[in-house]
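*Asks:* Could you have a look at this structure, given as structure tokens, before my questions?
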Amino acid sequence: MTQRTLVLLKPDAVRRGLTGAILSRFEAKGLTLVAMQLRSIDAAMADAHYAEHVEQPWYPPLREFAVSGPLVAVVLEGDEAIGVVRALNGATDGRAAAPGTIRGDLSLSNRENLVHASDSEESAAREIALWFPDLPA
Ligand code: CDP
Ligand code: MG
């Protein structure tokens, strides 16, 4: 089933000059770019995006990271895109993520792990509407 998913190339990806390398992996997999924007967000946008995590003890430093510099927001489309992109990203903790995944190959951190991707159809719908409210269906 064709799906859309919301991906963030987080501020560490922009700072480290890895946005092109990461996007290349998604494109090489066969996913289609539907929307893309370089932007800096404020704390309110970080809280909206990470609504499910705002009560976590580790959320304040995550918010600081999220607003620490520009990021690239992307909508990708393809067959089973939500699960496929999560698999390409790898496990949350870059130290534990499998080699071959984006985080496994390129991140050594549980926080600065380069990428976000929607984790369900419900999350994808919410996140795409949050980041790209004017995107046609
Ligand atoms: O991004 P993913 O869905 O794999 O993980 P999550 O459990 O939804 O956590 C969201 C983000 O919070 C992670 O990608 C990390 O950047 C950050 N995080 C953190 O800073 N400290 C933790 N202990 C866990 C997650
Ligand atoms: Mg998550």
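Glycine is no exception: its Cβ is also placed from the backbone N, Cα and C atoms.
Where the annotation comes from TrEMBL, it is an automatic prediction and has not been curated.
So TrEMBL says this about it:
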type     : residues                            : note
ACT_SITE : His116                              : active site, pros-phosphohistidine intermediate
BINDING  : Lys10, Arg86, Thr92, Arg103, Asn113 : ATP binding site
DOMAIN   : 2-136                               : domain 'Nucleoside diphosphate kinase-like'
*Asks:* Please give the ATP site's span as the largest CA-CA distance among Lys10, Arg86, Thr92, Arg103, Asn113, to the nearest whole angstrom.
*Replies:* 15
*Asks:* Drop a 10 Å sphere on every Cβ of the binding-site residues Thr92, Asn113 and tell me which sphere holds the fewest other Cβ atoms.
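*Replies:* Output over binding-site residues Thr92, Asn113: least Cβ neighbours within 10 Å is Thr92.
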*Asks:* From the DSSP assignment alone, can you count helix, strand and coil residues within the domain 'Nucleoside diphosphate kinase-like' (2-136)?
*Replies:* 59 helix, 30 strand, 46 coil
*Asks:* Using Cβ atoms only, which residues of the same chain lie under 8 Å from Arg86 (ATP binding site) while being at least 6 residues apart in sequence?
*Replies:* Ala117, Asp119
*Asks:* Inside 8 A of the center formed by the CB atoms of Lys10, Arg86, Thr92, Arg103, Asn113, which other residues of the chain have their CB, for the recorded ATP site?
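*Replies:* Other same-chain residues with Cβ inside the cutoff are Asn89, Gly90, Ala91, Gly94, Ala97, Ile102, Ser107, Leu114, Val115, His116, Ala117.
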*Asks:* Enter the number of other CB atoms within 10 angstroms of the CB of Lys10 (ATP binding site).
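*Replies:* Lys10 (ATP binding site): 26 neighbouring Cβ atoms within 10 Å.
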*Asks:* Which has the fewest other CB atoms in a 10 Å radius around its CB: Arg103, His116, the listed recorded positions?
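*Replies:* Comparing Cβ neighbours within 10 Å for the recorded positions Arg103, His116, His116 has the fewest.
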*Asks:* Compute the average pLDDT of the predicted model within the domain 'Nucleoside diphosphate kinase-like' (2-136).
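*Replies:* Value for the domain 'Nucleoside diphosphate kinase-like' (2-136), mean pLDDT as a whole number: 98.
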*Asks:* Where ligand 1 binds, which of the binding-site residues Arg86, Thr92, Asn113 are close by, with Cβ under 6 Å?
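*Replies:* By the Cβ criterion, which requires under 6 Å to ligand 1, the hits are Thr92, Asn113.
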*Asks:* Cα of Arg103 (ATP binding site) to Cα of His116 (active site, pros-phosphohistidine intermediate): how many Å, rounded?
*Replies:* 10
